[in-house]
Amino acid sequence: MVFPSIVLFALLAVSSAAPPQRQKAVHERKTLPPSFSRVGAANASQSLTMRLGLKSKDTTGLIDALMRVSDPASPSYGQHLSQAEVNAFLVPSAETTTAVNAWLVENGISSNKASSAGDWIEFTIPVKQANDLFAADFSVFKHAADGSEVVRTLQYSLPVDLQDSIILLFPGVSFGSISMPPKVEQELGKVPVAKRQSVPSACATSITPACVQALYGIPATPATQSTNRLAVSACNLTSGFINQWASSSDLSVAYRPDAKKGKFTVQSVDDGINVDLIFGLFAGIEADLDIEYTVGVATNVSTIFITVGNNNTDGLAGFLDLVIDLLEQTDPIPQVLTTSYGSNEAGISSALANQLCMAYAALGARGTSILFASGDGGVSGSQSQSCTTFQPTFPAGCPFITMVGATSGVPETAASFSSGGFSNVFARPSYQNAAVSTYLAALGSTNAGLFNRTGRAFPDVAAIGNNVQIISSSLTQSVAGTSCSSPIFARRVSTSPPSTTLCSYRYEYSVISLINDRRIAAGKKSLGFLNPFLYTNPGVFTDITTGSNPGFPASAGWDPVTGLGTPKFGALLAAAMALP
């Protein structure tokens, strides 16, 4: 009689130790993108850093608040929210937080880290436990073009009673693959310093920061306000296809000899490093481009180079790490953020796309202007140029950021590589309805069925993005891309190798930083989320009416290649200074 009792006791002990079985249902499912192939099952003992995005209390209220402080017609324009005010919208209900944490504890996950708003929960578990917990099959997938590998699953499940509380699991079913650095069109050699410091006479064929200043009427007068900060983000990916660090030595011999105080500081996210600052080498073309065309154009603006480390499960170049880290910072945060990396929208789950976009809205509500390059694949994204449907890029479709396309030549025409089009995830925002409707009416039935006519349209603006000269590893090189354009206006998202629109959006970024400096000096607030202001003032841009990408032609007014056009600094400054 003793033996059966021992057996019964053992069974009871095992039963009490096992987590209760909850009914589960598939939460997200995705087909494998054609650019990826399955390598095999992930190592059962490999650690995965997981994040759960929880349902916030009032995202509608956050968007309303963002628009109130961003709409020039609003009496609340410029009255940006504090971290606490933003978090009040993002925080989940107490019931949601309690229920999700209880489920994790039931499954042996008692050590986790929550964001300050509580809308993200992070924990690390082995693959085997992740497969059991989420009824998933985490496997290794390889990207055909760049050889990068990620651990993902094609579907996962959540308890039925938590389906409404948890928005998404990350990494889960999203297969975003970041783009390559801008294309090096020509290596011009190790030019003597004296020659590098002279302003080229033919800006039509060779673009430098001095050319950009002349082209858009940007003054060389240095910024004066120490509270005016511009952040440039880059990513250190150990997968081997993007390792980007900025070089202080390259900056010192770049194209603005008069900007003797040009410098930047480094901020690390997720253990990111700037190798060049440690060893004095390994500069990256993309990172050098960002720094030289932000510091070089936005003279004396306090510039922060944010280096994002690599979590090997994060195929989105640290986008999530970066935005969460910035939202965790107490006020003040950078007034402008520029990023030159992106992905195809189709590779991102709609849940993740919306959650990231909401985080960008939160940054905008706190007063940060966010600029991305639109991409360099025209209407094909990073898929084959023989695509049968147009491929929008991500995060281009998010309506709370400013997308920058590219132009080429002097006088400027639309760059054929400039990505633009219409999102399949995000609806068209009201601030661009009139401009986009006019374009679509003129376009008629051209390419009907190849794009979503009701989606958020991009880019919003443009800048020069071809034949842009940089100095990298002490060599003068000519590059191209929307990532050249965005630093002049701000920054852009690049989607396909090579990333040519990278250059364009940097110009826009720098323009905004200089305007912020003037506003702060006058006792006004920084511009924050730009788009309602930009679409209200189309006259502050030079309209680009020639060229195509090639699925969409440039035309009078807004178009999906160059947006509203390229900046006229004087007019843009005057309109900005007229705001409260």
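Yeah, the Cβs are placed from backbone N, Cα and C, and that goes for glycine too.
Annotations in TrEMBL come from automatic prediction, not curation.
Worth saying up front: this structure is predicted, and the values here are computed from it rather than measured.
Look at TrEMBL and you will find Glu286 (among others) tagged as active site, charge relay system.
Per TrEMBL, active site, charge relay system is recorded for Asp290 (among others).
What TrEMBL lists as active site, charge relay system is Ser483 (among others).
Residues or ranges marked as Ca(2+) binding site by TrEMBL: Asp543, Ile544, Gly557, Asp559. Annotation for Asp559 (Ca(2+) binding site): spatial neighbours Ala414, Gly420, Tyr439, Ile544, Phe552, Pro553, criterion Cβ-Cβ under 8 Å with sequence separation of six or more.
Taken from TrEMBL, the feature domain 'Peptidase S53' applies to 206-579.
The signal peptide annotation in TrEMBL covers 1-17.
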Starting from the Ca(2+) site formed by Asp543, Ile544, Gly557, Asp559, give every other residue of that chain whose CB sits within 8 Å of the mean position of their CB atoms, in sequence order. Thr545, Ala554, Ser555, Ala556, Trp558, Thr562, Gly563, Leu564, Gly565
Are there any residues in the same chain, six or more apart in sequence, whose C-beta is under 8 angstroms from the C-beta of Asp543 (Ca(2+) binding site), and if so which? Ala556, Gly557, Leu564, Gly565
Three-state secondary structure, which DSSP defines for Gly557 (Ca(2+) binding site): coil
